[in-house]
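Okay, structure first, notes after.
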Amino acid sequence: MAVSRSKTLAFAAIAIAALLHSSVAQTTHTVGGNTGWTIPQGGDSVYSNWASGNSFSVGDILVFNFAAGAHDVTQVNKADYDSCSASNPMMTSTNTPARITLNTSGEHYFICGVPGHCSAGQKVTVNVLASTTGSSSPSPAPMVMPPSPSPAPRRALTPASAPSPAPTTVSAPTPSTSPVAGDVPLSAPSPSARTPMTYTVGDSFGWNIPTSGASQFQNWAAGKDFMVGDILVFNYTAGAHNVAEVTSDAFTACTTANPISLDSNPPSRITLTSAGEHFYLCAIPGHCSAGQQLSINVSGAGSTSPSPSGSTTPSSPSPTAGDMAPPSPNSAATVGGVSATAFLSVVAALLL
C-alpha cells in the first residue's frame, strides 16, 4: 500500500511539473502600441522607447499595423538599418497587419522600405532573448521518490493479553463544499476586439485637393472597416491645408462656421472615439468644394475605452485578442481553467 501510494505521489508531482513547464505562452507585441507602424511625430525615439519598455523572447510575435499601400515592413541587417537602405532586405511584407514571429535570439532590425520613411524615424530594433521554455529547453529532471520504509512486524498478542476492542462510533462524513476540478465553472470567453488600426487618409496622395474630385477620398474609404479606437492620419503641408470635423449638414454645405474640431498641425492624428458617421473637410476656402472632404462610417466593435469625441490624441488601446499579455510569471498555472493548486489539492485528497 505504501509503495503504491509513493508511485501515485510521484506520478502526480511529475504531472504538475509538466503542467507548470508548459504554462508559459507566447507574447504578441503590437509595434508602436496605439501609434501603429507609421512615420512617427517624435522621430525614431518613438519606436526605440516602445521597444525598451517591452521584453522579447524567441517565439514572440510582432504585429505591424499600417495602411495598405502607404507603408511596408522590411527586415534588414544592422548596416542597412543604420543607413536606411532597403536594397538587400532579409524579408519584406506589404500585407497589413504584418505578423512576424521572432524565431531566433539576438538583435532584429526593421524599417519601412518606402523612400524617406526610415530616415523620418519609421524604424525599430528589438533585442530577442533566448526562450526559457519550449522544445529546446531541457525537460524537468525526473523526481525520484525515496522508498517507503517497510512497517516493523507487530508482535502477536496472546489471548490473555489482547485487550478487548473498544466500541467505535463512526460519524457520518460532512459533505465537502470545496470545489473540485469538475465543479469549477468555466466562464464563457468574452468577445475579442481587434487591434486598433492606423489609416493614412489618401495613402501616398495625402490630404490634398484631389485630382479626380470628391470621389477620390470616398473611393479610398470604400471597403475599409473603421472601428472605434482606430486612428486617421492626415498628411499635408503646414499652412496649405487643415482638418476640420463637422456635422453632416456642414459637410454637405462645405461650411466650417461651427466645426466640432479643427487641427492645422500636420500630420493630424484623429482617434475615432465614437461609432456612427464622421465628416471631415479642409476649412481653407474653396478646398472642400474642390473635393477635399471625407466621410466615413465607424462601427463600435473596436477599442472598448474611447476618449471624448473629437480627440486628436491617440487614446490608450484596450487589450485585444492579438495583443493580450501572457500570464504573469507569478500567476498560477491552470488546466482547463482550474488552477494547479486546486488540481494538486484534489490529488492529495484522493490519496488520503
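Any Cβ shown, glycine's included, is placed from N, Cα and C.
All annotation found in TrEMBL is predicted automatically rather than curated by experts.
Feature annotations, courtesy of TrEMBL:
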SIGNAL    1-25  signal peptide
DOMAIN    27-130  domain 'Phytocyanin'
REGION    131-192  region 'Disordered'
COMPBIAS  139-152  compositional bias 'Pro residues'
COMPBIAS  153-181  compositional bias 'Low complexity'
DOMAIN    197-300  domain 'Phytocyanin'
REGION    299-332  region 'Disordered'
COMPBIAS  299-322  compositional bias 'Low complexity'
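Mean model confidence of the domain 'Phytocyanin' (197-300) amounts to 92 (pLDDT, 0 to 100 scale). Residue counts for the domain 'Phytocyanin' (27-130) under DSSP (helix as H, G, I; strand as E, B; rest coil) come to 17 helix, 33 strand, 54 coil. Each residue in the domain 'Phytocyanin' (197-300) gets a DSSP state, and the totals come to 16 helix, 35 strand, 53 coil.
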